[in-house]
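For reference, the structure is listed below as structure tokens.
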Amino acid sequence: MMAYTALGQSIYLLAGPLIGRLYSPAEFGLYGLFYAFSVAAIGLVFLNYDFAIPAALSERDARRLTRGALLISLVLSPVAALIMTGLILCDLMGFGNLPFSAPLLLLALLLTQAVVQILQSWEIRRRQTLVIGKASVTLNSIRGAVQVGLGVVLPSWVALAAGEVLGRVGNAAHLAKRSDLLSGYRAIRLSWKEQRLTLYRYREFPLVLLPSQTIDGAVAFVQSAGVTYLFGPAGLGMFFLMRRTLDMPVAFVFRSLSDLFYERLAQDAREQPSLVRPFFIRSVGLIAGVGFTVGVPAMLVSPEIFAFIFGPEWREAGILAAIMAPAAILNLAVAPVARIFALTTRPYLRYWFSAVNLTGNILALSVSYWSAFNLTQATACLSIATSLAYMVYFAAGYVASGNLRTRTMSSAKDASDR
């Protein structure tokens, strides 16, 4: 899976020099504002029931959860589009710069991503993670081709957003072609009463995990909106390209390892709980060590790297990348094992990270405003706040890994058997 994920990321990386020269920082900033909102919405449209699918105690429960998650997303995705429409109408937080076609693009993005995440969760349950890696090649190939192709004739943020949507369409088609999910539904009859009872039985996923995920989405949204307010769309363009570039290795590690790690963590939590904490510590330590070993030398030359790859006007984004790199490496380290909070009796521990992250980012932006900082100084404040938050994340995960919900699993299984 890692090889396919690396291939997909490499294909999209090859499009970077063309994308950087086709689109202006201002257009990239509007795309960043749209993308930040979509990421926040994607984290909410399932109410976290997609996380419950791999951890379901039976195949019947898993199929009920997939149907329930899909239906919930069909309701909440239009709600998210309406909220964006309201922000555009009221000209809040820079959204007045977006046209009224933006909510339609958002709706298309959320619905296609809903299908992708449900199919991915099902394949994780089946331990068929290789197909997820292959599908990521399809995603990145289509996304890069569309963003470059449309950028030649329409160098607008709309072309960048269209690439996101069409890439996910290809990703979903690839996964659906190789999935047995639909054939299983024809073999197992699912009543609506059973559907409701199953969602209620797994209610801990939305009740416990959703609040922290909502805060995380708010952090990304506040960060993008704050940078737009302080430095305009062009400033956000620099900041967003920097974040998008740093997020690529995080996304690679997350997509390559998180599904494998979650499969391992869920299995150990059921069968050998004592192995979970050592695995958690080793995983974070190994990834952090590799990240800093590679990242520190890259920080020294990142302005030259950005100018060479994306074009001379993006040199400032390279300076921002060097400043934000420590936070990105810490994110890289904790991301693959973050799903430990879906397996613990103390999932509320994740609120430690969420609270520190939101508070820290608000304080960083406030200090930048009152001190009249420039974009570089503001990024330094955000880097410090985010690094501290990920240290808290590790501490919370460490505690969570020693408090697994093995008894809850057994009790739920007994009830299901009866």
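Counting starts with 1 at the first residue shown.
Placement of Cβ uses the backbone N, Cα and C atoms for every residue, glycine included.
Residues or ranges marked as transmembrane segment by TrEMBL: 30-49 (among others).
What TrEMBL lists as transmembrane segment is 70-94 (among others).
What TrEMBL lists as transmembrane segment is 100-119 (among others). Here the transmembrane segment (100-119) has long-range neighbours at 34, 37-38, 41-42, 45-46, 50, 53, 66, 69-70, 73-74, 77-78, 80-82, 84-85, 88, 135, 158, 161-162, 164-165, 168-169, 171-172, 175-176, 179, 181, meaning same-chain residues at least 6 beyond its ends whose C-beta is under 8 angstroms from one of its own.
Annotated transmembrane segment per TrEMBL: 279-299 (among others), in sequence order. Long-range neighbours of the transmembrane segment (279-299) within the same chain, counting only residues 6 or more positions beyond its ends whose Cβ lies under 8 Å from a Cβ of the stretch, are 249, 253, 257, 261, 264-265, 268, 305, 321-322, 325-326, 328-330, 332-334, 336-337, 340, 394, 397-398, 401.
Residues or ranges marked as transmembrane segment in TrEMBL: 319-342 (among others).
If you look at the transmembrane segment (349-371), the same-chain residues 6 or more away from its ends with a CB under 8 A from one of its CBs are 209, 211-212, 215-216, 218-219, 222-223, 226-227, 230, 341, 377-378, 381-382, 384-386, 388-390, 392-393, 395-397, 399-400. Positions annotated as transmembrane segment by TrEMBL: 349-371 (among others).
The transmembrane segment annotation in TrEMBL covers 377-400 (among others).
Here the listed stretches are 30-49, 70-94, 377-400, and the one with the most C-beta pairs under 8 angstroms to the transmembrane segment (319-342) is 377-400.
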